[in-house]
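**Q** Handing you this structure, nothing more for now.
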């Protein structure tokens with residue numbers, strides 16, 4: 001018996017472009033259906049384009065709203081909505097203009113944050129202080145902290161520079177809160193129960209079961225041999241063992257002084273690849289390098305758009321094509337531009353569709369061949385980006401990418417968002433690939449070289 005789904009009268013009217021019927025669909029929660037219909041009419045009808053624009057903004061789909069804004073300008077949406085869309089795609093000057101038309105606290109605060117992003121702390125401070133006059137109570141502390149930060153950047157308040165150790169301390173805070181090594185070591189008698197708890201904590205921190213068992217057994221034997229009775233002394237021994245284990249997993253980023261040094265980034269979608277590329281581009285630009293980004297992940301429009309936003313933020317150039325383009329062709333164009341126009345560093349983004357293993361491996365190998373057509377010694381680095389929050393799963397993912405290309409270094413991201421900070425130990429031990437960089441926060445300067453000693457100190461504090 002076959003059942004046919006009958007469309008309601010509302011749906012039939014909506015499909016003919018009836019605005020009230022489309023609004024009724026949205027009211028009924030059928031937003032996807034409404035969106036599909038609105039897309040069909042948006043290029044011809046301004047009233048439906050405005051409705052689609054508002055729907056996108058409500059759903060947080062700001063990037064998708066941008067083409068409508070580009071076509072209709074200030075004929076659609078409210079100033080604050082338009083500002084948020086411009087901000088999302090990196091059209092910062094237009095975003096500022098729209099926010100200033102509103103002039104409320106939120107808008108002025110957003111203007112201040114945009115100027116800060118554009119590295120204009122003086123303008124950021126001007127608008128933050130204007131926002132201060134309108135600040136609601138619940139935002140007062142946040143704004144005060146932001147103003148203090150701006151004053152430090154402008155040299156109006158002396159600031160103590162945050163060291164790598166301080167950044168790692170901050171980044172590993174969630175792991176320390178979840179695992180509490182300090183509580184175990186402080187004032188505890190060293191007995192069998194102590195070692196059982198230590199092993200559990202190491203497993204919880206995600207150093208890997210095998211590593212946790214081996215480390216605990218080694219410390220147990222050492223405690224018997226040296227007649228150690230205090231937890232603090234075991235802590236020092238554990239630090240020594242972890243530093244020894246990690247010493248071969250520390251490596252500097254290799255960027256030769258020449259035109260067209262390539263850093264190829266691989267990793268699963270969502271690992272933080274694009275953000276890592278953006279932050280590194282910013283840091284290299286600050287050092288005076290001429291940097292080019294290549295949007296080689298052509299399977300996701302969002303990846304291309306995100307990299308474009310980072311290029312604007314870092315003040316560097318980008319080579320990109322539309323979604324669905326051949327990644328090899330994009331990389332070819334990027335390499336050609338780099339050689340012809342003298343770009344010193346080329347940062348290449350790639351797709352990370354792990355569920356399609358064979359096509360992914362073939363695609364990465366093809367990209368590498370394209371790079372080597374221009375320079376047989378490149379890429380200088382092939383960096384695997386791993387999300388610390390995925391813990392042990394990251395190791396399984398890494399093995400797939402190792403099949404495709406020679407990985408020369410690892411970037412561990414989102415250490416600040418994970419209670420699995422010990423995964424760095426497991427990654428080092430299992431993969432035996434140097435960890436070149438770690439992401440310890442959302443700030444543009446929170447991508448840091450990996451320092452094994454500082455990492456161990458921060459983890460066990």
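Backbone N, Cα and C define each Cβ position, glycine as well.
Annotation comment: Swiss-Prot describes 105-138 as repeat 'TPR'. Annotation source Swiss-Prot lists GTP binding site at 267-274, 349-353, 413-416, citing sequence analysis.
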**Q** By Cβ distance under 8 Å, which residues at least 6 away from the ends of the repeat 'TPR' (105-138) in the same chain are close to it?
**A** 80, 83-84, 87, 92, 95-96, 99, 146-147, 150-151, 153-154, 313
**Q** Cβ neighbours within 10 Å, counted over all protein chains: which one of the binding-site residues 267, 270 has the most?
**A** 267
**Q** Let me know how many other Cβ atoms fall within 10 Å of the Cβ of residue 415 (GTP binding site).
**A** 29
**Q** As a test of the contact definition, list every same-chain residue at least 6 positions from residue 273 (GTP binding site) whose Cβ is closer than 8 Å to its Cβ.
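**A** For residue 273 (GTP binding site), the qualifying residues are 265, 266, 267, 297, 349, 350, 352, 385.
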**Q** Tell me the residue counts in helix, strand and coil for the repeat 'TPR' (105-138), as DSSP assigns them.
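**A** Residue counts for the repeat 'TPR' (105-138) by secondary structure: 27 helix, 0 strand, 7 coil.
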**Q** At a 10 Å cut-off from the C-beta of residue 350 (GTP binding site), count the other C-beta atoms across all protein chains.
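**A** So the number of other Cβ atoms within 10 Å of residue 350 (GTP binding site) is 28.
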